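Student: Sharing a structure here in structure tokens format.
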């Protein structure tokens, strides 16, 4: 599952280490671990400029033990960590490429990796530092011995071993077949996690208390073989000004990628969006993976595990979401940069539809288990909270084919785009808010934790009309033909994966 974000201790450094860098002299010895203040990030820039090409001089940080509920030894500092989110205002074995050895720092570090990849041979999800699978641990991370052990999780088994629904008709079988071919594989997860682990090591040379998290479709259960990797760099406890601080921090990361890591990172670009990101490609592995890296956009950590719980409590959810994402991509309405729907909004739309059926397929997790999805929960607890939620047994026996047809019908003929907002948090369509963020918006999809509009990219009526037309046309065709090929050609889709 997702990592503990407060597992790196900050004990005082010996005097000989304190003399290495003015940056460490400026650090408070009792600051909350895993985060930097804005002032410290400025000193980090100075430190970075002095040490590019020699980043291995940063002193290692010792770890302090912590006992978890299962009696296992973990790592956490004595300093308390109280990351507070914004509350709502209303209610395969991956071969070790020899080149990869040059990616690591020459100096061993006692860093703690944020391992959150399901390892099939052990059927587990791990805490940071528990990279002990033979495929990852033996040749990559020898210095992580003794770090926090994995937690076993009976709710979230290996995705490749998840029981799938039985298909009794042609359309349902087509949905299942496409899902099984295109779903993200364990080897895909491993590739992304290896890159994340190594990048965290390098970024910690600039920001020693930072943590790099895999988020989004990579971990939420809705990833495909072609999904990008989303990364969240958490550098301090407080929210970060995305227009100033985040861009400044990302400019340092981009500089690191384009200098020291230029042999391994391809095309690092700083994108100055509302939430700025660095886009780049990992070009070492046989299959290049594209990544988007943001700073302190921690709502992505929270919604990753909300969506992951929805993905696994009912076995019809993941196949349906994957087909909808592939359908939207084929019809060119799945690209926020071009004014259409992003994948996150599409997932929320599917979940909302499944919640609002006369006999729901999905419950409302945030209402039924508020303590597990508290938007103010400390970050290092987010990955643990969903572990006690049992599978949901719906009385609705609809097939995947029927659900897909119903999904298109709902958004083509039933949902009131002009007056309603899609809310997974409430498990219903709710009236649009009167705030400026929602005014004159064509599609309103509520982010379950911070209440923003995830579909704000759809800001042109022409694009909105195209989206609605695709829903209507696809519903009319598929309810008549009952053949997925009529709205999504399967052979080229499978070839692209």
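Quick reminder: no glycine exception, Cβ is built from N, Cα and C everywhere.
TrEMBL: automatically predicted annotations, no manual curation.
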Student: Among 89-110, 111-132, 133-154, 155-176, find the range that TrEMBL records as region 'Disordered'.
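Tutor: Going through 89-110, 111-132, 133-154, 155-176 one by one, TrEMBL gives region 'Disordered' for 89-110.
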Student: Identify the region 'Disordered' range according to TrEMBL, selecting from 1-20, 21-40.
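Tutor: Among 1-20, 21-40, the range TrEMBL annotates as region 'Disordered' is 1-20.
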Student: For the domain 'PAP-associated' (399-453), how many residues does DSSP put in helix, in strand and in coil?
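Tutor: Across the domain 'PAP-associated' (399-453), the residues distribute as 15 helix, 11 strand, 29 coil.
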Student: Along the domain 'Poly(A) RNA polymerase mitochondrial-like central palm' (171-311), what average pLDDT does this model show?
Tutor: 92
